[in-house]
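Under the heading region 'Disordered', Swiss-Prot lists 1-38. Sequence annotations record features per position, and here Swiss-Prot assigns region 'Interaction with TSPYL5' to 1-208 based on experimental evidence. The annotation phosphoserine is assigned in Swiss-Prot to 18, 49, 963. If you look up Swiss-Prot, you'll see 53-208 marked as region 'Interaction with p53/TP53, MDM2 and EBNA1', on the strength of experimental evidence. The domain 'MATH' annotation in Swiss-Prot covers 68-195. According to Swiss-Prot, the feature region 'Necessary for nuclear localization' maps to 70-205. What Swiss-Prot records for 214-521 is domain 'USP'. Taken from Swiss-Prot, the feature active site, nucleophile applies to 223. Residues or ranges marked as active site, proton acceptor in Swiss-Prot: 464. Look at Swiss-Prot and you will find 622-801 tagged as region 'Interaction with ICP0/VMW110', backed by experimental evidence. For 869, 1084, 1096, the entry in Swiss-Prot reads N6-acetyllysine.
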């Protein structure tokens, strides 16, 4: 408790339990501090449950790992105490615990002194990640009579910010120092603490050492899965069967049996907590699935179903049913006639209601209790009609392993959400169930031993899951709290998880069991049979160990990654076929990648490269790809001799990965011992050549050349003709490819290279083409225009707006295209008319269609795509129309419901004139739907809110007045023949809607019904039954009411005659809706939540 909370502290003098509080240690001591007597731990050697011998012996040798202890702290010269004092540490769960005592004053009585008494944990630790939950009793010893000692309880999660907890005003100072009270003797006061701590988190807790078992890492909101997996793991017979499943040919990332084998194997052999990500990945879960908190019963059921199906046809087929399947019979027995219905069913778990039940026996009694079917709930006995009957279930067999689901999470209709029931519910360690079996076996009584208690702390919206397990069935319990496993007492495992309110603060109200696992006593040794390494197939062991070896290798590589760099080698054959700027496309090129030590020398790398590529060192030359200031990337000179001793990271200028163009001798000449020509870095230059063909609008790579810088352009023409396969002396046009969107023509062929090319450097590119007049007829007659077109070229994904998650198709377009050019290109791909397409921008903030484009849009494609990031896929949406876009743009989209002649609703979208009226909308609807054969052919538009018709719109009403809203729906229907002409004096169309008990809970399809003044209501009922096509037996359950202003009055069906005034608004209240006829009956249609994604059933996909 902080200092503000201390202001609300209760009077210690009244000895009421004040709120526990935390307090920071107050620094400093008095000049003459009170002397402290260190008392030994009273019960340091507390009894601890057994486990594996090694763990037990270790714990006996070192009591610091114990779970509880009582220790005392005596303060001498107590009356002179002026500062806080600390006791020596007592180690529990290997954490230091100290008693802290100090003088305090009551906040509301500043002149009245009190004793502050706190328990401190691990205060001197520098770590900020540790935590430990503990319960403690703080006591001041009465030396005359221990029964009069004053004590208070605390329960707290200790962590670095709240490392002490207790009471600022534990007792009044005057009471402690009053010799008559018995708390002080010779100016000495003894303080005592009994602390009981859970295993800590965030510290070096060795679960394997202390218990013999390891935990599971918490993967997020699937933490309940850890409890289930531990429960299944300790069902040893199941574990054995899982090991025996053949998985040799299974995909390691998709096989559920293999993933389960892996988890079980690691739980059995690992010394550290085991991960479950590979298991959930094998389920085929998406991110949302993995973090949705499902019922543990649901996960248990689908997981065991999946494993059971994979076991079919193997040596362990039938293991799941053998362990978990029981049989029951559901029966219905008629009372008055000789009719009985029996249905035998298999079950794999039992769901027990706990609301209002004291213990598990009462829940079983309730489960098999006989239900009376009478009154409105009579049983339909076929030819015998509706009959009074008794309904119930009886257990035929109970399985060896009994899973009991305690229904702590239930739906609350008042709040329309699930709630958690934290009521106390008791369950025994031994559970006799013979009395619930239809037939018992004296040789094999249905006596069960508690094996697992799955516990939830928190409310319906979240919390924490743990499981208490009795691994060997011998009453020695362990607590599995995700990655931490610790010994615990039988009381902690059982009684502390009953739930309900308790004065004992060690039991938290919201912590209780939600699932129990019992094992039949006669099957205990079989179900919990020892699982040894001999039970695990050798091939499985080898596969899992190989996985571990590979993971360790990858982990080592990650740890050493900072020592290495990647060198990407690109060969000259990757330049061939490239149709863009520079020498290759970085996203398409295939590199040969080398992992190189950053501190290795260039000479060492060249030697390794030579051996790997199969070329002697004099047949290769390295040209690092260097980024130029103009945005291009070209090869640059690397001097092997001068730079041979330099390190790779130094030469790469910390570039990682480092890309190098590897020049080699022609493979055909390499065998003859040919070497690369000499290259004088001071006087020579390396140039790349490309040939452009206007007829095919393509580039052809023509290799590279070494030439002196003083060489004239004209001297290169013969080489170009030769490389391109042209006749010598063919007239050529030359360009320098400077950068994207800048290609300059070389005009003067009689000047040297350094004057002809802009800033001559190694890696410059010359593009040449034939000087042919016929090229003028080409779409892109020159290389300059080709590169300009290339610069504006863009790949656009077009997705159909009407198809959810449509992957679409890619079209290569020019940024300079206008709307019609784009539409024409896309229409050719879709084999349709450009005028029958409508396009939509992509929303910038999320992936989806935005506003539609008008057909007279004046911008270019570049304008449409300007908000996309450079490397982001460019996307536009389209929809195909049934009318030309010029006509379509003058219409509006109108979503509504169509009620067909079979009284079924379907959603349709109509496109009436945006300035039209309801009549135009109805005419459009006639074109889109199929009308009934024996109907009027006339349509009407209804407005529906909350499943009630609130109005019929007139045909001359403008559509502009009908604005859509989420709370209302428009419905179009054909007017029945009997409703075309209404005698307004004696007839009326009344709204009919469905509800169940509460008139605000309407549902189903409302409709209009014609009623006549004075007609008997039975006639109205006949028309309703005919319209809804309901069987007589079902229709008998309907009640009818007139609903006005939210209140309903039930109709006496035998006496009531229709009075039209009952369905007219009250005088003076014309603004209120008309009364309507309500049909009160049960809603058999499933209610759908607005949050349907949260109700998605859990599913294992593989």
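Counting starts with 1 at the first residue shown.
Cβ from N, Cα, C; glycine included.
Projection of Swiss-Prot feature records onto the structure.
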{"residue": "464", "record": "active site, proton acceptor", "DSSP class": "strand"}
{"residue": "869", "record": "N6-acetyllysine", "DSSP class": "coil"}
{"residue": "963", "record": "phosphoserine", "DSSP class": "coil"}
{"residue": "1084", "record": "N6-acetyllysine", "DSSP class": "coil"}
If you count other CB atoms within 10 A of each CB, which of 464, 869, 1084 wins among these recorded positions?
464
Out of the recorded positions 464, 869, 1084, give me the one sitting nearest to residue 963 (phosphoserine) by CA distance.
1084
Around residue 963 (phosphoserine), how many other C-beta atoms are within 10 angstroms of its C-beta?
7
Expressed in Å to no decimal places, the gap between the Cα atoms of residue 869 (N6-acetyllysine) and the residue listed as 'active site, proton acceptor' is 43
Across the region 'Interaction with TSPYL5' (1-208), what does the pLDDT come to on average, as a whole number?
76
Please count the residues of the region 'Necessary for nuclear localization' (70-205) that DSSP assigns to helix (H, G, I), strand (E, B) and coil.
13 helix, 78 strand, 45 coil
To the nearest Å, how far is the Cα of residue 464 (active site, proton acceptor) from the Cα of residue 1084 (N6-acetyllysine)?
36
